[in-house]
Amino acid sequence: MTKLIVIKIGGQAISQLSTTFFDQIAQWYQQHYQILIVHGGGPMINRLTTQLALPVHKVNGLRVTDAATLVLTKLALLGDAQPALLAKLTQHHLPVLGLNAADNQLLTGELIDYRQLGYVGRLTAVNQVQLMQLLAHHIGILAPLALTETGQWLNVNADMAATVLAQQLHAEKLVLLTDVPGIIHHGNVMTSLSPQQAQQLIRTAVITAGMQPKVQAAIAAIQTGVKQAIITNAIDQPGTAIIQEVAV
């Protein structure tokens, strides 16, 4: 297992990051963790599609991505969301590096269902050697885009991308930032769950539809070797940890 932490940040969260976020990143970096941040850009994409009067359609939470929407997605992620996050981290004197799939074919993907989703894909390969070399000296800031083997760009769900990266890079920890402090049951944040317990809470609708994709991503990470997957609204807060075994 690599001393690596993979963090997923939504586009909305980029403008709302607190000082404690940067302090925690700095602390992990000083502790010699390699850090990879996968960022979304939903609000930035929505702003562009609205300005150009393009329709927005989603299927099972995935943005249907036609050719025009794909261009705007690349523009929003690589020209707006990523530079904004890089600027904030640089202001806190952190050594950062903006990354995307075209950097030595870092991320390879394939279409999920072109007829239903357009240019939406899943990751099929990660250039592990190149990426880990880059992370040896920098905090990586990676956009959730992939390239097919023939060079076609794909829009990839950021939670799914972060999960696959954590799996492929043998990360110690996956942190999925969201807008709630964790999985809430009877008014309290549940500190830890096993994958089996989490699935039961999904079946009984304790974990609602909006949270389910993140929980499923966390479960997938744990079941493929990631030691801990955390769902939280702040990286310095414990949130809910999905772990292999939970003490009774």
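Cβ coordinates come from backbone N, Cα and C, glycine included.
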Residue in Asn104, Asn127, Asn155 which Swiss-Prot records at the substrate site where Gly41, Gly42, Arg63 also bind: Asn155
Recorded positions compared (Lys8, Arg63, Lys214) - the one with the fewest other Cβ atoms within 10 Å: Arg63
DSSP state at Gly41 (substrate binding site), helix/strand/coil: coil
Local backbone state of Lys214 (site 'Transition state stabilizer'), from DSSP in three classes: helix
Other C-beta atoms that fall within 10 angstroms of the C-beta of Gly42 (substrate binding site): 16
Where the record names Gly41, Gly42, Arg63, Asn155 as binding substrate, the maximum Cα to Cα distance in Å: 12
